[in-house]
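For reference, the structure discussed in these notes is given below.
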Amino acid sequence: MRSLLSIILILVASAALIAAVPAGSSITPPPPIEPVQLLSSQPSDSKRPWIRLRDWIIESIWGIPKSRSPGFPSKDAAGRAPPSQVLARYGSDVVLRFQLRDQQEAEALAQATDILFLDVWASTSEFVDIRLAQEVIPSLLGLLPDSLRTAYTPLIDNLSEMIYTSYPTRRPVGLENQPGFSSSIRQSQQFGDLFFRDYQPLSVIVHWMRLMSSMFSSHVRLINVGVSYEGREIPALRLGTSGPNTQDTPRKTVLMVGGSHAREWISTSTVTYVAYQLIAKYGKSRAVTRLLEEFDWVFVPTLNPDGYVYTWESDRLWRKNRQPTSLRFCPGIDLDRAWSFEWDGERTRTNPCSENYAGDEPFEGLESAQLAQWALNETQHHNAEIVAFLDLHSYSQQILYPFSFSCSTMPPTLESLEEVAMGLAKTIRQTTQEVYDVTSACEGIVTAQEQKASKRFFPVGGSSGGSALDWFYHQLHTIYSYQIKLRDRGSYGFLLPSEHIVPTGKEMYNVALRLGQFLVGESAQDIDWSADLMDAPGTSDDGRETDVDLNRDGAGEEGVDSELDAVDEEWELIDWEDEHTYELRK
């Protein structure tokens, strides 16, 4: 009873601390947005005392109102545009999927989208998804060859309705069928499940991050990796059991980033989900405990806080940051095209109205520059080594490896990149049955595996130079750098329903666990890593585990280190200095 009372007092104190955000804080919460209705809609007379106390604690932490009436809110009540404004912005918009057969078709489609300033949602080796108003379809088809005028299918024909319903509703998501306080493990899981039942606005995410660092201070710290153009901090959670590294050996760090593109809400939710699973399982799971002892894990839920807030307040499909450009009516820079390495790639983007506008010079996108400076500071002044970089995006279910700027330049560690990526994709397939394709990140590459030949397609949707993926791989020599495009394959696109938050989070948690297992090596062979996979199958009839093992040829910790040393020699084979003048060097 005494321990239970102590836990309650700690939670109450945490609520008070979290609510007391300094007035001068650089984190600027957005106007009040309809929060997730968690608990208060339950009749008070049906609650047990402990449930009411728990509800009050969570409501105090997250600022959840005490009562709501069913139905959609008005603009004044919820800070969200009513349906009339949604219809005014997106009323006739649809999403079309084009199937490409050859390079000429790809070039024609790319040129047409440039001329009409269309929003390319996805461009893969199999399809290209384009958002446009219905009245623009004849103009687009008029610019295309005859073979493409019938090579498309409607993917989303009710875009405005899907956009409106993508925001959290006023439907309560309480604990109707859940008992009162049970074991601490189960209670922790229930607490996490509440947060991930819907997408959350930035203000709630920041409060949640503060809560995590307060409740789990032994292995969680809230840090900032920079400040956005509008003055918001870019918060991150650093997980690990070590303090400042004073040893000669660099502290190995895994970095996971989401929300570079504001409309990709699932990437932000997934970063927080993976972080929460590692936080909650530390000390309970041998595998997770080992990962937090061996590495620092840094999670940045949204690199683009200004754009993310804007998607909640004004434009659900906003992609770029909110930085002014040379055209007053076309603000925003694509933060995944603003990095210095091979900036703007093979095609120059000079139109600020483009969704892929990379700025007028490298690192003009402020948030990208801030993250780059933080990473350089960590490696140069804090004795850290970023050994893995996971850049989460949506959609199309792909695991992409460098380089993105060109399909003709091969990364010096191509074999390792492909092998690990295939193992991660296999882990996803064997646990959640979802298929993630593995390929190079350079846009528009199509591989004919049956003919053992490949052909380059003209990139549809803009240049792929200046990416974070290439910068971390080249500049910091982060060998295991991946851009992962999450669910789905186009049925919902960027408007993925909240029911997919937890399943997608489980997939990336499994990816993080398997990647961590690979990085640790055979020194942790006594740990049953498979036991911690989420939604994992059991064992085969003969008792063998059915999931993938990423330990290649028994490579242990020393094997990984020796591989890193060997890679340093491979980097020297490429003369980057003469050809890539934008690079800042150690």
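Backbone N, Cα and C define each Cβ position, glycine as well.
Among CYS330, CYS407, the one Swiss-Prot lists as the disulfide partner of CYS353 is CYS330. Swiss-Prot names HIS261, ALA262, ARG263, GLU264, ASP336, ARG337, SER394, TYR395 for binding substrate. Of ARG286, ARG319, ARG322, the residue it gives for the same site is ARG319.
Note: the Cα of HIS393 (Zn(2+) binding site) and the Cα of ASN158 (N-linked glycosylation site) are spaced 23 Å from each other.
Checked against ASN377 (N-linked glycosylation site), the recorded positions ARG263, GLU264, CYS330, ARG337, CYS353 differ in C-alpha distance, with ARG337 being the nearest. Within 10 Å of HIS261 (Zn(2+) binding site), as judged by C-alpha distances, the recorded positions found are ARG319; the full candidate list was ARG319, ARG337, CYS353. Sequence-distant contacts of ARG263 (substrate binding site), defined as residues of its own chain at least six apart whose C-beta falls under 8 angstroms from its C-beta, comprise GLY307, THR311, ARG316, LEU317, TRP318, ARG319, PHE494. Around the Cβ of ASN158 (N-linked glycosylation site), a 10 Å sphere holds 13 further Cβ atoms from the protein chains shown. For the disulfide-bonded residues CYS330, CYS353, counting C-beta atoms within 10 A of each C-beta gives the highest total at CYS330.
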